[in-house]
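Feature annotations, courtesy of TrEMBL:
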type	residues	note
DOMAIN	B:67-119	domain 'NADH:ubiquinone oxidoreductase chain 4 N-terminal'
DOMAIN	B:125-410	domain 'NADH:quinone oxidoreductase/Mrp antiporter transmembrane'
TRANSMEM	B:31-51	transmembrane segment
TRANSMEM	B:71-96	transmembrane segment
TRANSMEM	B:108-125	transmembrane segment
TRANSMEM	B:131-149	transmembrane segment
TRANSMEM	B:161-180	transmembrane segment
TRANSMEM	B:200-218	transmembrane segment
TRANSMEM	B:230-255	transmembrane segment
TRANSMEM	B:267-288	transmembrane segment
TRANSMEM	B:295-316	transmembrane segment
TRANSMEM	B:322-344	transmembrane segment
TRANSMEM	B:398-421	transmembrane segment
TRANSMEM	B:442-460	transmembrane segment
Amino acid sequence: MHPILVIVFLPLLAAIVAGLGNRMLGNVVAKSITTGALFVSAALSWPIFISYLGHGAEATVVPVMKWVASGALTFDWALRVDALTAVMLVVITSVSALVHLYSWGYMAEDTDQPRFFAYLSLFTFAMLMLVTADNLVQMFFGWEGVGLASYLLIGFWFKKPSANAAAIKAFVVNRVGDLGFMLGIFGTFLVFQTTSIPEILAAAPAMKGVSHITFLGMRLDTMTILCLLLFVGAMGKSAQLGLHTWLPDAMEGPTPVSALIHAATMVTAGVFMVCRLSPMFEAAPVALSFVTFIGAATCLFAATVGTTQWDIKRVIAYSTCSQLGYMFFAAGVGAYGAAMFHLFTHAFFKALLFLGAGSVIHAMHHEQDMRYYGDLRKHIPITFWAMLAGTLAITGVGIAGVFGFAGFYSKDAIIEAAFASGSEFGRTAFWLGAFAALLTSFYSWRLMFLTFWGKARWADSEHIQHAVHGQHESPDEEHGDTTHANVHPHEGTAGYHPHESPWSMLVPLVLLSIGAIFAGYVFHHAFLEDPEFWNGAIAWNEHIMHAMHEVPTWVKLTATVVMLIGLGLAWLAYGRQSSLPGKTAEQLGPVYRFLYNKWYFDELYNFLFVRPAFWLGRQFWKRGDEGLIDRFGPDGAAWAVEKGAVGARLAQSGNLTTYALVMLLGLVAAISWVLV
Amino acid sequence: MEGLPILSLMLLVPMVGAAACLFSGDKAARAIALAATLINLALGIALWVNFDIGGPQWQFTERAPIFAGFSWALGIDGIALMLIVLSVFLMPICILASASIDKRVGEYMAAFLFMETLMIGVFAAQDLYLFYIFFEAGLIPMYLIIGIWGGQNRIYAAYKFFLYTLLGSVLMLIAMLWMVNEAGTTDIPTLMAYDFPVKAQTWLWLAFFASFAVKMPMWPVHTWLPDAHVQAPTAGSVILAGVLLKMGGYGFIRFSLPMFPEASSQLMWVIFALSMIAVVVTSLIALVQHDMKKLIAYSSVAHMAIVTVGLFSFNVQGLEGSMIVMLSHGLVSGALFLCVGVIYDRLHTREIDRYGGLAINMPKYALFFMLFTMASIGLPGTSGFVGEFLSLAGIYQVSSWVAFVCTTGIILGAAYMLYLYRRIAFGEQKNADAAAMPDLSWREWLMLGPIAAAVLWMGVYPESFLAPMRADIQALDARLARAAPEGDARLTINKTAPAKAAAEPAAHEGAH
């Protein structure tokens with residue numbers, strides 16, 4: 001039996017056992033089963049990945065079962081393993097195993113733990129099905145499966161209205177993307193008469209620029225429209241500009257969920273899809289330009305919003321959105337290796353940052369507002385060092401040729417690739433990416449300074465006061481962005497002593513720190529410079545991968561320089577305890593509010609889609625169905641029959657003279673009709 | 001099995017049961033009804049097992065002339081087989097779901113058993129008039145079920161149901177008389193291969209359409225459905241959504257398409273237009289409902305629109321997809337009505353806002369309800385996805401516009417179903433009486449469990465259901481080929497690259 005079968009199906013089995021067993025099994029058993037299954041999967045995944053590093057591993061497909069056969073449209077359940085899958089396997093199983101472990105500590109007080117762990121394992125299964133898909137429909141299965149798990153986990157604390165709203169929003173917004181994905185699959189089947197990914201990729205290059213198709217009455221280049229439709233799906237899942245609104249709200253879910261699903265794995269599915277289908281996208285240059293544009297725009301947009309948020313999880317959420325933008329524009333300029341590399345390193349350091357934030361929230365008794373933090377580095381030192389490693393990794397600290405943290409290799413490679421592409425969109429992406437890197441550095445250090453340095457500002461926090469006064473909050477109440485009346489909290493600890501998290505939470509932090517520190521250094525050669533590692537799993541653009549290394553020195557230095565500027569600004573504004581941020585925010589009033597309110601996307605969509613949908617529904621119901629169809633249909637018929645009956649009764653009066661009159665009139669009428 | 005008139009037997013068993021129910025006490029009636037439906041389920045399984053895939057198109061045929069060419073002719077192909085299996089599968093569940101019926105139990109059970117006979121008759125009839133009798137007689141027991149055992153406004157609902165469905169059937173009867181006169185036979189398989197003059201086809205098609213569109217139901221003749229569902233007792237809703245709505249689709253696939261291919265092709269835009277409107281309009285209406293049953297009823301209209309576009313896409317994917325949507329919807333909407341029934345029995349209200357937080361006190365119920373919600377949304381891995389995906393893939397080959405508009409249904413469907421689920425199962429426990437409701441009983445387990453298993457089976461391994469129908473769908477597709485419309489995709493691959501284009505013959509095929 002191929003190990004991939006165990007890797008994929010063991011988490012499913014664990015999810016079913018833990019989910020259905022639930023209270024019968026008890027917390028410890030359910031948690032052990034799921035966590036154990038994930039560690040087994042992770043242990044089996046790494047050898048597969050390493051076998052690709054050592055070259056010589058071929059792509060294999062393990063058939064599982066027939067699925068659907070309808071005329072020419074056939075697709076089966078099968079697990080495909082190649083270099084690209086191998087990368088995703090280690091990311092998914094490793095982060096998932098660590099998140100499972102972390103949740104032992106983080107969810108310890110929760111009353112509903114088996115359900116939580118079952119959902120986590122179910123998610124992992126769906127994600128693994130997604131990355132091992134050999135045809136587009138199975139990819140869609142995984143795609144929707146992770147959507148379901150995400151929905152269930154965002155809404156895990158289902159008593160909270162805000163969590164429920166966020167869960168529905170995530171599902172429905174993703175469905176908008178899935179509309180594109182589905183149409184893309186239909187179109188691909190129409191053109192290639194198959195949904196098998198290898199067959200499509202083999203046939204795609206020949207279609208470049210020579211084929212046209214009509215879509216919604218428009219005559220378009222075939223590959224362009226197919227790739228654009230599929231990319232709409234990727235935009236939804238990866239929260240790209242326009243379809244990003246669900247991701248920040250998804251932070252309503254427990255923090256381990258944010259780390260696993262909304263940072264390391266699920267949201268990168270879109271990037272994975274573009275890389276998996278890269279030979280197809282290579283045949284559609286216009287679509288690639290669009291990918292570059294959307295990626296770069298998201299990268300900048302999310303970074304700008306990230307600089308203004310106070311909720312620690314939201315800052316990291318926007319950071320994720322922004323980093324996904326990097327991955328997309330890397331793919332857009334043809335540097336798929338760089339995109340996958342950033343996906344790989346990002347999984348480690350972003351999961352680390354989220355889990356670190358979870359540890360801070362845990363220590364601060366569910367307080368998530370960074371204005372109520374400060375001075376935590378002395379109280380929770382291990383968390384602090386882990387978060388520091390994550391921050392060094394995301395901001396890309398390093399010296400070329402010597403050593404760098406993970407992001408140093410991956411993000412710099414993306415920025416260089418954008419410049420090296422030489423295209424108009426590539427250059428734009430370079431400048432936007434460089435500016436976003438400055439902002440990345442700024443908001444990341446802002447988070448660090450606000451949380452770990454300065455004076456303690458906990459006194460006014462409601463959560464801390466509850467803790468101090470012994471009012472036990474239900475563990476379900478991890479607060480989102482509660483609006484605080486006082487935006488300038490007083491200094492002081494109110495006698496509260498933050499406590500470091502238990503070992504089950506610290507071990508994942510330490511292990512992920514190792515990843516955040518070394519993942520770039522160790523693997524950059526394989527991902528960025530070694531087509532034999534990929535072995536055809538992604539399109540390898542020799543030109544750009546070569547040109548990346550030939551960019552002028554100032555380009556190479558850009559990333560490091562903007563990182564330092566961002567750090568400097570953050571230190572000036574937040575490290576020195578100055579009043580600068582307040583003043584700046586005041587002076588830039590409208591701009592600040594625009595950013596703080598996330599460019600008003602939610603308000604806009606509410607106005608454009610949500611409210612009209614409900615209004616239209618009511619109109620169609622009350623005026624359409626009841627006012628028009630029923631009124632003139634069945635009710636109208638009934639009315640007519642009733643009135644007709646009244647008329648008929650009048651006619652049947654029994655009065656002989658009336659009858660005679662009617663007869664006479666009828667006779668006259670008949671005769672005149674015949675004569676005239 | 002040779003020689004055993006199994007189809008007649010399946011018609012007979014419920015009839016005998018019905019007669020027995022009329023003359024027995026409440027308890028005995030329940031037992032008899034359950035026994036009769038279980039026997040029929042066993043016969044249905046025997047039918048499925050003994051159905052020879054790849055064998056003759058019509059199997060288990062029986063024929064006994066009655067008079068003037070009108071004969072007792074029964075026989076099934078794969079399509080009819082699957083719908084019969086669906087019917088006999090749902091019946092025992094309906095009987096179990098009727099535990100809360102306490103007035104005139106004997107008559108109630110008799111009505112249901114009579115209904116079962118008629119449903120099986122519709123799918124098994126091979127004689128045009130026999131079909132008509134079964135098809136129209138189905139009105140009577142359902143009319144009684146709604147009118148006698150329904151809710152407060154049952155009379156209005158029953159009369160609306162009757163008025164609508166009767167309207168179409170008169171026209172259909174006239175068309176049938178003309179057809180028999182023209183073709184000189186009442187044998188359905190013969191008629192399916194008979195080429196009616198193209199001009200006459202249009203009128204015949206419209207006459208059948210009047211009847212099937214109401215049964216389906218298609219917008220704008222759908223307004224009887226929400227009222228009927230709301231007023232019908234739970235089991236009535238299950239049969240209505242599960243089987244009666246499938247008769248319209250069965251009518252299209254058995255009569256309209258094979259008998260009038262040219263007319264179907266000419267008038268397909270009528271179907272497309274009405275279906276597109278239905279998907280969008282009824283989904284939006286479902287979004288604003290306060291009544292659980294009404295919401296699910298409106299969602300049924302939207303799902304049935306996917307069936308109609310799939311049927312009229314003139315290709316294998318569309319036809320097979322539509323059949324799977326019909327089977328899946330039969331299970332899923334039936335199950336959703338059962339889910340409503342479960343809590344209705346406890347609280348006696350369909351008002352969504354009276355519930356909330358049921359995931360706390362009824363976790364097992366919440367799990368089932370979630371599964372069926374996801375199946376209704378069309379999550380891959382459930383039956384809903386397979387059918388929806390194939391239907392939409394089929395229609396995409398005809399028109400990207402229709403596919404686009406109908407695919408928006410997946411967004412709207414997610415919105416109204418998740419919104420419903422949230423209001424019922426999630427949130428705080430606002431109402432003390434709702435919070436005190438006990439979780440599923442073993443009887444309710446028996447109702448929901450088998451459907452859940454079937455939904456997952458059909459989602460993961462639909463081959464079991466597709467295989468018996470494959471040959472019939474192919475035969476239909478071949479018959480329709482001459483009238484099949486050209487798709488709007490008009491895929492071209494530039495001839496300046498002949499070598500490359502030749503390497504991609506499959507793509508060429510797609511262009512035609």
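Quick reminder: no glycine exception, Cβ is built from N, Cα and C everywhere.
Beyond the transmembrane segment (B:398-421), the same-chain residues lying 6 or more positions past its ends with a Cβ under 8 Å from any Cβ of the stretch are 268, 272, 275-276, 279-280, 283-284, 286-287, 289, 292, 295, 299, 302, 305-306, 309, 313-315, 318, 352, 369-370, 373, 376-378, 388, 392, 485, 487-489. Panel annotation: around the transmembrane segment (B:230-255), residues 79-80, 83, 86-87, 90-91, 93-95, 97-98, 100-101, 112, 115, 119, 122-123, 135, 138, 142, 145-146, 149-154, 156-158, 188, 192, 208, 211-218, 291, 293-294, 296-297, 300, 304, 307-308, 311-312, 319, 322-323, 326, 329-331, 333-334, 337-338, 340-341, 344-345, 350, 476 of the same chain, lying at least six beyond its termini, place a Cβ under 8 Å from a Cβ of the stretch. Distant neighbours of the transmembrane segment (B:131-149): 101, 103-104, 107-108, 111-112, 114-115, 118-119, 121-122, 125, 155, 157-158, 161-162, 165-166, 169, 172-173, 176, 188, 211, 228, 231-233, 235-236, 239-240, 244, 247, 251; these residues of the same chain sit at least 6 beyond its ends, with a Cβ under 8 Å from one of its Cβ atoms. As a whole-number mean, the pLDDT of the domain 'NADH:ubiquinone oxidoreductase chain 4 N-terminal' (B:67-119) in this prediction is 89. Counted with DSSP, the domain 'NADH:ubiquinone oxidoreductase chain 4 N-terminal' (B:67-119) comes out as 35 helix, 8 strand, 10 coil.
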